[in-house]
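Chemist: Sharing a structure with you now.
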Amino acid sequence: TMSFVLSLWRAGVFLCLGEARVKTEVQAGPLYRVLGSPLYITCSVSGFRSENTDKHFEFRMTKPSNPNFEIQIISSNDDTFGYSSHQRRVRKNEIALKRLSPNSVRFEIKSLLKADEGEYECTAVNLEDAYDGEYSDKTVVKVIEDSLSVSSSASTPLSLNEGEALTLTCLASSSTSQHTHLSVAWYLHKDGQEDAQPIISLNRDFTLSPGQGFERRYQAGLIRLDKWGEAAYNLQMAEVEPSDQGRIYCQAQEWIQDPDGSWYIIIQKNAEEMTLTVKATDICVDPSSPSLAVEISAQPAALQEGQELLLSCDINTEDVEKRFFSVAWLKGSVELARIGPTGVLTVAPEYSVRQKNGELRAARTGNRNYRLILKPVRTEDQGEYICTVWPQERGQDDAFIEGEAKDSSPQRVSVSATGVSKLSIKMQQAENVTEGGGLHLSCKVDGVQAQLSVTWQLKSARMASFTEIISISQEGVTEIAEEFVSRKVRVMRPATHNFTLELDEVTLSDSGVYQCAVSEHKPNGKTHSQAQTTTVTVISIDTLMGVSLISRKNQVTVGEKLELMCRVRGPRMPVTVTWSMQREAKTPDTILTLSPNGTISWSADQNHYQLRVESRKTEVIYYLLVIGTSHREGGNYQCNVSVLLKNVHKELRASNQLDVSPIPALTRNMNTDITITCSIVKKTSESSLYSITWLHEENAGNKTIVSLDRNSIVTESQADLSQRISMRRSKGPTFELTIRQARISDKGSYTCKVGEWLQDPRGEWYLLSTVSKSTVLTITEPENNLSIPKEEAEMNTSRNQDLTIPCNINKQSSHESKFQVTWFWQKEIETKQRPIFTVYRNSTLQDRFGENVRLKYDHPDPSQFSLTFLNPGPENSGLYFCEVEEWLPSLSRGWRKVAVEKSGHFNVSVLTEGRTYIIIAIVILIVLVLVLLLLVVTMCRSKGSLGNKSGPSLWGESMPMNTSRSGDD
């Protein structure tokens, strides 16, 4: 089915007869790009039948953390192709697909994220009815940190007079682990101009190039760019000119060579701008007319009779395209030729014959540029040349009005007669070179009159004569000797007649005498040669490299994390670091290998380890983190450092071995019995006797708990522990240490130190060996259950009544707990609290009132405390509360405080005796008055009801009693 075919196609499984027709290609990887910089991947396809029809492409990726999961990113014909993780960036045009031709596109990411690292696949969508070839290709992208640093020595404005010197320093460096080159350029950004113009630049291949308009001063040695040390680039302008005014800054670019051999700028940064003001000297300028600057340059400035001399005259002023000028070239005070404002050339009489013979030509080549050519040049043409420019203003009658002339600085031209050689060589004296580093030898040639060829040669200790390394012919063709074809060797030209030999990854066999041989090939066929030598010593990197392995922890318990540090000191170079671990006398097991490009090859279980690298000024530290250390991770750890020289790994240094022995850990609750065992699993003889010493280490170092000699006689013990500690021996033998009712102070490391004793033939006992084993004990404290009532209460009393302040504990943390109770009093809330009575944990009482107050302390129950004032007075009124401290016994520190709680406040009011009687009398009086009022009201109501009744009277005289019984009776 079609789905099956597609799956085969995506997997690259095809059987074709003959050569595949369709081929898809992307840039070969890995592509190292900087975090935050753009990424460009070009993808092209060939072999489709319709070459001029737009092909459609799809991009996918897989991440290193999950290489089996494909993430769809973008497609040229399906807007919904990408997964949601990338669709947002596609919609914002942060990820795009640009068409370059019908058969190629460019995949772009505007700003790389760390998550963009991975393997990218470009697929050409097949719209034909058959599959024949490769429809997808992959490349790997590595996202590295930005380590380029650029700064300038001056950022404050600077004002100079015309002709003064300017020196600026640019610091540019990169600490990336990849092999990169830096290029540095100084720029001048003039006011009113959109773009900055380069003054001078040092390219990635160490070639110096002056910017347009600065060639003359560069040839005359007035502008220089020198590199000092590893990161300093000095710009020197011997005589500044008014045209140099503006903002000057340096720019650094970091280049990396991709696997296809092309160079790519991975990051570019500018330093701070420095504003330069140049004051013109001894020149009166009409404010209404724009400034005018004239520059002259000679190509070349030193030449041989018969060669071509080019004199360029450049005009710098405003609105140059709208203005007219006359330009003349002068040698000394003699004018050679002049170009008028309308472009008409006039030649001086003494040069008219050379013009007719075609030896002198002059022309305007641009709005600002004029050129004069002399060929063949003669020896009498040697001297100083200047260029003079006159502004021309066109009048109403179309006649030109000549303005004030402006001269350029003089340009020196040297012309040598043929047949006389002035060739000389100055070779840089080499310093010692580190193995694996780079060798740079400079050969400067002076007195050049013709084309040069240069050959670099070496005579090492194993060679009797010089052998060729690399050569450059007079036509500029480079040829590498067969022995060095596989080496990274090249010749750079930082200046026209300066040749630098660069040899990367030098080895010890590269030590020896190096020779720079220069030949000058003149037009008449003659050749002049010169040679210079220097001695180079390659120092073995073994002597400079230092590797040490340390750990911040002296011991590690089972389950803890352990961090090991492999510290590598020495020259910075791409190295391979291997971590290994050896158990007992077995062969070391490799844990992982870290390659120079950052790739990690795991040999052990990756879930048990983590790796990180930290680069410092004097060293690089490789950290190995052991996660959840167990007995399996116990052994001797070691890190090895090697370097790849000539495609062969050379082991440089191996660190010391670091023994890691995870200590068993016990966690027990406080106030429980704990047993620690120490078993002998291997012994020399069945008749061996054993001495044992138990040690306890907490904070103050090792402390002997108990020690028994080989006859099981106690030779040393702690008296304060004898009641809680016992020791027992069982078969094996196994020694058991038991701690009863464990306390917090019992935590720490316990070590059993066992000595094996043997008896010699004469019956004397001798100590054969001593071994020890440790166990870490952790004691879990009970939770703080101390609780005191926090409720506020009000209490009123009198002098005749005793005042009792209770202090009750709701819960008790431990039966070993002791309490210290203190009662406090304060007159009012805002006043200072004052302790009045304390009961210490040893039942000592302290009356802290210090006044004529009688107190009574009572402790009827372990959790109940009370303080009673006998016959208190009004002065004892105020706020009362108690504070309870809970203390537990500690072996090393005696008693220790574990909890503190405060009760709620008791607001107490003590009334005087007189006031009490008055209040009682007032209360009684009020009660009597209320009773009398109630009786009066009752009587009044009774009388009213009698007066209104019309029935018979209750008195007997008025109504005699009826003595007869009725049926109701």
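Each residue, glycine too, has its Cβ placed from N, Cα and C.
So TrEMBL has the following annotated:
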- 1-20: signal peptide (SIGNAL)
- 36-141: domain 'Ig-like' (DOMAIN)
- 146-277: domain 'Ig-like' (DOMAIN)
- 290-389: domain 'Ig-like' (DOMAIN)
- 410-537: domain 'Ig-like' (DOMAIN)
- 545-661: domain 'Ig-like' (DOMAIN)
- 671-754: domain 'Ig-like' (DOMAIN)
- 782-892: domain 'Ig-like' (DOMAIN)
- 917-940: transmembrane segment (TRANSMEM)
Chemist: Any contact between the domain 'Ig-like' (146-277) and the domain 'Ig-like' (410-537), i.e. 3 or more CB pairs below 8 Å with pairs at least 6 residues apart?
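Modeler: Counting Cβ pairs under 8 Å, at least 3, so yes.
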Chemist: Other than its close neighbours in sequence, what residues sit by the transmembrane segment (917-940), given a CB gap under 8 Å and a spacing of at least six beyond its ends?
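Modeler: Counting only partners 6 or more residues beyond its ends, the transmembrane segment (917-940) has Cβ contacts under 8 Å with 911.
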Chemist: DSSP on the domain 'Ig-like' (671-754): how many residues come out helix, how many strand, how many coil?
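Modeler: Its residues fall into 6 helix, 45 strand, 33 coil.
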Chemist: With DSSP, how much of the domain 'Ig-like' (290-389) is helix, how much strand and how much coil, in residues?
Modeler: 14 helix, 55 strand, 31 coil
Chemist: What are the DSSP helix, strand and coil residue counts for the domain 'Ig-like' (410-537)?
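Modeler: Counting residues per DSSP class in the domain 'Ig-like' (410-537), I get 6 helix, 71 strand, 51 coil.
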Chemist: Could you give me three numbers for the domain 'Ig-like' (782-892), the DSSP helix, strand and coil residue counts?
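Modeler: Final tally across the stretch: 3 helix, 60 strand, 48 coil.
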Chemist: Considering only Cβ pairs under 8 Å, which range in 36-141, 290-389, 545-661, 671-754, 782-892 makes the most contacts with the domain 'Ig-like' (410-537)?
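Modeler: By Cβ pairs under 8 Å, 290-389 leads among 36-141, 290-389, 545-661, 671-754, 782-892.
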Chemist: Per DSSP, what is the helix/strand/coil residue tally across the domain 'Ig-like' (146-277)?
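Modeler: Taking the domain 'Ig-like' (146-277) as a whole: 8 helix, 73 strand, 51 coil.
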Chemist: Averaged over the domain 'Ig-like' (545-661), what pLDDT does the predicted model reach?
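Modeler: Reported value for the domain 'Ig-like' (545-661) is a mean pLDDT of 85.
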